[in-house]
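See below for the structure under consideration.
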């Protein structure tokens with residue numbers, strides 16, 4: 001069975017894709033009757049050398065994405081993974097010649113069909129008196145022994161577009177550009193790796209891999225590589241790739257050694273996420289620098305793809321200052337990244353963290369709660385939440401991803417670790433503020449953010465006083481902040497239901513003569529009743545709000561956890577006779 005693709009038709013997909021690129025880019029025009037894209041300002045290039053490239057479609061943004069001032073003049077596109085026809089290549093050569101250019105350089109990847117078709121078109125154009133030269137790019141470092149067909153042309157071709165484009169923009173002649181580019185093209189190598197193959201529209205995947213395998217040294221047309229290896233951490237995979245590319249026993253190695261300066265391309269072959277691409281880029285830069293290699297520039301993104309192939313290729317080009325100047329030259333090509341003209345290696349990448357503001361003197365524990373009791377309370381809360389881990393996870397599976405208990409347990413263990421450090425617990429405001437930071441950093445998820453908001457706001461009133469009315473005010477402040485940013489309200493089947501119920505009881509602390517334990521006892525009972533009542537509520541916030549109410553027949557785990565926290569506080573204070 002063929003794979004699914006977003007196309008109008010298999011036959012017309014290459015035409016439609018190029019038409020879409022031109023329609024959305026005012027700097028491009030289609031050549032009538034051909035699958036050719038040209039610069040729309042072609043007539044301004046009189047007296048300059050034109051640069052044409054191309055090949056099969058399916059490698060986007062290559063090659064048409066690199067048309068622009070300072071790069072390509074035009075591109076001839078074939079069908080998916082198929083060389084463009086001779087007639088279209090010749091038409092493109094004629095078009096740029098008739099616009100007044102003084103010669104055309106064809107930049108061609110080393111594939112048999114491309115060499116034949118571009119070569120034939122070049123010979124026909126020369127027979128018509130047009131000045132044309134061709135550079136064949138061979139940057140594949142996968143094969144370790146010489147093959148008759150030579151090396152494949154891969155993502156390094158994009159760097160040749162850039163270098164040649166900069167030289168043409170300087171006004172250099174065709175013969176000199178050809179010589180310079182031919183030399184530079186021999187200083188680079190590319191190696192790819194993929195998690196699976198790709199599929200041409202209307203066809204199945206080109207090869208199959210086991211679930212734990214990846215393909216090393218594959219090409220950009222879905223063809224298999226030189227070796228299959230087991231999936232491993234990115235650092236190991238990138239190390240293997242760099243070792244293979246720079247191994248002197250490999251006839252096609254890149255002569256990179258300590259002290260070398262390189263341009264690095266981390267190229268998405270089509271199906272990798274940006275997250276994965278960033279991880280690979282970090283590994284490649286770090287590992288190259290660890291070998292004493294200076295990474296002068298790093299290009300990270302999609303430059304030459306293989307449809308939806310979930311893989312990456314690494315390209316290394318040895319550079320000196322003159323070549324780097326060509327890489328840095330301005331271009332209007334849409335697919336070329338905007339890069340600072342600053343070396344990657346040697347640049348300061350980490351900014352010092354901001355300093356904590358000096359802490360103002362704050363009120364110490366009052367209201368009958370000592371620092372010793374506070375430590376006992378926190379410890380009991382932690383053991384309670386750890387003990388509830390599986391129960392809370394079970395409740396969460398009906399409406400979430402089943403990790404509510406694990407999230408609370410993780411927070412509890414983080415607090416236990418902090419308590420072992422022997423922190424000062426004399427200032428409730430400082431304790432709540434520190435807990436807020438701890439939960440934001442270690443608890444994670446929405447719960448960590450909500451508790452962080454609650455504790456940060458609750459700490460503010462306690463900076464001045466810590467009597468019972470202020471503890472009630474702290475509860476109010478925490479709930480207000482939680483509602484403001486969490487957008488939940490009482491009755492929405494969240495942890496807020498338990499917290500709100502307790503807060504209503506805490507209002508009694510604002511009355512003269514109120515006692516700690518009687519009010520806290522009532523608050524705990526109200527919180528537990530509110531948590532139990534959530535099983536009859538329709539969720540109005542959180543992930544559970546996307547679940548049918550018919551499926552929600554258990555209490556909300558967040559509300560249960562909040563009620564359990566109040567119960568733990570009460571039990572400790574009762575034991576301590578607060």
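Using N, Cα and C of the backbone, Cβ positions are placed for all residues, glycine too.
What Swiss-Prot says about this protein:
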| type | residues | note |
| --- | --- | --- |
| ACT_SITE | 221 | active site, tele-hemiaminal-histidine intermediate |
| BINDING | 56, 57, 58, 59, 109, 114 | dihydroxyacetone binding site |
| DOMAIN | 9-336 | domain 'DhaK' |
| MOD_RES | 511 | phosphoserine |
| MOD_RES | 545 | phosphoserine |
What's the number of neighbouring CB atoms sitting within 10 A of the CB on residue 511 (phosphoserine)? 11
Rounded Cα separation (Å) that holds between residue 58 (dihydroxyacetone binding site) and residue 221 (active site, tele-hemiaminal-histidine intermediate): 8
Taking the domain 'DhaK' (9-336) alone, what is its mean pLDDT? 96
Please report how many Å separate the Cα atom of residue 114 (dihydroxyacetone binding site) from that of residue 511 (phosphoserine), as a whole number. 88
Structural state of residue 511 (phosphoserine), classified by DSSP into three states: coil
If you count, for each of the binding-site residues 56, 58, the other Cβ atoms lying within 10 Å of its Cβ, which residue has the minimum? 56
Using the recorded dihydroxyacetone site (56, 57, 58, 59, 109, 114) as reference, state which further residues of the same chain have their Cβ within 8 Å of the centre of those residues' Cβ atoms, listed in sequence order. 54, 55, 62, 63, 77, 78, 80, 81, 82, 83, 220, 221
Do me a favour and check the Cα-Cα span between residue 57 (dihydroxyacetone binding site) and residue 511 (phosphoserine); whole Å is fine. 77
